[in-house]
Amino acid sequence: MNDRNPKTFHVKSFGCQMNVYDGARMAELLEAEGMSAAAESAEADLVVLNTCHIREKAAEKVYSDIGRLKREDGSRPMIAVAGCVAQAEGAEIPRRAPSVDIVVGPQAYHRLPELVTRAKAGERALDTDMPIESKFTALPARRKQGPTAFLTVQEGCDKFCTYCVVPYTRGAEVSRSWAAILDEAKALVDHGAREITLLGQNVNAWEGEDEKGRTQGLDGLARALDRLPGLERIRYTTSHPNDMTEGLIRAHGEVEKLMPFLHLPVQSGNDRVLKAMNRSHTTASYLAIIERVREARPDIAISGDFIVGFPGETDAEFEDTLKIVEAVNYAQAYSFKYSARPGTPAAEMDGQVPADVMDERLQRLQALLNEQQLAFNRATVGRRTSVLLERLGKKPGQLIGKSPWLQSVHLETDASLGDLVEVEIVSAGPNSLAGAQA
Ligand code: SAH
Ligand code: SF4
Ligand code: F3S
């Protein structure tokens, strides 16, 4: 028997930054309903598993997590499955895991309180609608924040890369309004945020009208946020190469608070594979963008995403991916083995690559990317730079922050969380830097 009158909740997020943002908004929503946050699932009357469907491993994890929620006395909390698995699998989830009380998709989570009420009455509550009304207008105002905050400005994807579930789990591309975004940014800054990361599945496809009715792109939004007092840093993620406008590239050289970091996934370095992926850019067009961005902002750090073992990828085609990595020289990157996702065109393609071949390709790619990341980190040693202090380190007096290039910097300081301090970088490892306050 589950808990029928939850007073405490815990939200566990498994996915991308937007999934983390959604998790924070669901927590705010439940708090506005008078519930309080518990630090762990084991202490909560309601557990929200905020899931990710992008790769098989991520999607399967939710089922083992559900199993683990059973308490020693045989009881369990009220269980809600939210996020992209909820959207993709819907009613299949309670069929496979009967202890699930609520299933709620990423475009319907503003209705979570109603779903909890229905679950309290013993009903199994499912909502995977993509309603016309925006969940954003129904969500309560932003609450207490740390020094860094996410802000969703664009959701959904119309690109339909052949391997990807996002267009199905998040729906069509939608941009939030200029006013809604600026209002939320102000609220975040009022609650202590000094850095805002603008989020979207295709964040650079954001489009809107400013208060004077002029059409604006993401660069216009960055320029408006640049004028927001109290905000120190602006970031955005994730961008698609095809939406990398001249205006946005120029903004990297002109907008002071826009950080010198660009996450621009290429996925593969081979044009046949890119075409089969329906990426609608080529290696040449990608490299041309990188060149223009570097002209605008020479010290910019480039990050990317890669998939190895896309169906039909040959050894020679994989070698092309290593070549583009050499050509770009990444500061940081994420790389994945292709995972066939139900309902996507690539899952039906011939030439699925064996697991051991994918393993070997991934190892080689990651070795190269790690080498580049270490070299990038080492190149900052001896430099003075600003660091935004974000969290406590393990040692007493140690704080951890981020450099403009998104590197973690550890330092001993009597400054406080949320401070922007001048630091000299004294040493570098593969994943972090050590600094001394300058
Ligand atoms: N909207 C973003 C990222 C979406 S998902 C973009 O277009 O860049 C994040 C990353 O997961 C993708 O960039 C891709 O590298 C990876 N990914 C997506 N689907 C995948 C799949 N089926 N198998 C392996 N990796 C995948
Ligand atoms: Fe997925 Fe491609 Fe859309 Fe990114 S652009 S979310 S990889 S379909
Ligand atoms: Fe995962 Fe959905 Fe994000 S599938 S990567 S949580 S958009």
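Each Cβ is built from the backbone N, Cα and C atoms, and glycine gets one as well.
TrEMBL annotates CYS52, CYS84 as [4Fe-4S] cluster 1-binding residues; of CYS16, CYS157, the candidate listed for that same site is CYS16. Note on the binding-site residues CYS16, CYS161: the fewest other CB atoms within 10 A surround the CB of CYS16.
CYS84 ([4Fe-4S] cluster 1 binding site) is 13 Å away from CYS157 ([4Fe-4S] cluster 2 binding site) when you measure Cα to Cα. On a Cα basis, CYS84 ([4Fe-4S] cluster 1 binding site) lies 17 Å away from CYS161 ([4Fe-4S] cluster 2 binding site). The [4Fe-4S] cluster 1 site is set by CYS16, CYS52, CYS84; from the centre of their CB atoms, other residues of the chain with a CB within 8 Å are PHE14, GLY15, MET18, ASN19, THR51, HIS53, ILE54, ALA58, GLY83, VAL166, THR169. When secondary structure is read from DSSP and collapsed to three states, CYS164 ([4Fe-4S] cluster 2 binding site) falls in the coil class.
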